[in-house]
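Participant: I'd like to ask some things about the structure below.
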Amino acid sequence: MSSKANHAKTVICGIINVTPDSFSDGGQFFALEQALQQARKLIAEGASMLDIGGESTRPGSSYVEIEEEIQRVVPVIKAIRKESDVLISIDTWKSQVAEAALAAGADLVNDITGLMGDEKMPHVVAEARAQVVIMFNPVMARPQHPSSLIFPHFGFGQAFTEEELADFETLPIEELMEAFFERALARAAEAGIAPENILLDPGIGFGLTKKENLLLLRDLDKLHQKGYPIFLGVSRKRFVINILEENGFEVNPETELGFRNRDTASAHVTSIAARQGVEVVRVHDVASHRMAVEIASAIRLADEAENLDLKQYK
């Protein structure tokens, strides 16, 4: 994937959480057969990539042992790969899980610690010549920030010195993201990860205030200027739901309307992202997000559009 002159439609990456305590689907796809059925559904609806995760990263979630995480994700990856050539991403920050997943058929590592959580991860990615999503993780950069305290600890040990953490606390969010990516990309280069195999994720929803989330989304073009494709996850994020609540919309996921509103609002954000040329969006409800991508991409790629043959509508 290249971020230069992006003349392709935004890729839709469908989410499959094989966890008993997942962020928004309640562990619905924890069982192998259910996960495989969900994969088929997402592909049929238009996903050309699937993101498989075996450890929840939601606020209040618990650490999953490496072997347990491997047992959750590897059978699912093998089963999907057996019947489809869809791109498969493994959502993990642990190098041993990534190694097992890549061996099972995954193509890409989605590391929410941005290569900062496990020092062996850059080498695993480099050796496999795999692609990697490097996510900006404000929770790691500002662990004492009020927006970070509700999240679990990410990574083995501490990625930054106490002096760095103290400096990070007062940085504007754009500067903090720049500092984080500078360190993460240096690790990638040192390990020998090819630049063309790197995607950047602005970390929407991780230890950010409402304003910070909105600023990063508004300025995605600035992130594109770094020369890497963008991988974006905004589906069912809390700040999107909060905006709906503040404006009187039903958001209770136990109601049909509330659940639908969450996905509709998320799809609106996807439309904005696709209009800005974001390369990949990570979503739960592929059908609604595909519609958003098709319209937004058509507008963005208007110069390449063909005129309709109106005779076909007679």
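A Cβ is built for glycine as well, from the same backbone N, Cα and C atoms used for every other residue.
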Participant: Please state which member of Asp201, Asp303 Swiss-Prot lists alongside Asp91, Asn110, Lys237, Arg282, Val283, His284 for binding (7,8-dihydropterin-6-yl)methyl diphosphate.
Facilitator: Asp201
Participant: Counting other Cβ atoms within 10 Å, pick out the least crowded of the binding-site residues Asp91, Asp201.
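Facilitator: Result for the binding-site residues Asp91, Asp201: minimum number of other Cβ atoms within 10 Å at Asp201.
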Participant: At the level of the C-alpha atoms, what whole-angstrom distance separates Lys237 ((7,8-dihydropterin-6-yl)methyl diphosphate binding site) and Asn17 (Mg(2+) binding site)?
Facilitator: 15
Participant: Within 10 angstroms of the C-beta of His284 ((7,8-dihydropterin-6-yl)methyl diphosphate binding site), what count of other C-beta atoms is obtained when all protein chains are considered?
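Facilitator: For His284 ((7,8-dihydropterin-6-yl)methyl diphosphate binding site), the 10 Å Cβ neighbour count is 21.
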Participant: What Cα-Cα separation, expressed in whole Å, is found between Arg282 ((7,8-dihydropterin-6-yl)methyl diphosphate binding site) and Asn17 (Mg(2+) binding site)?
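Facilitator: With distance taken Cα to Cα, Asn17 (Mg(2+) binding site) is 12 Å from Arg282 ((7,8-dihydropterin-6-yl)methyl diphosphate binding site).
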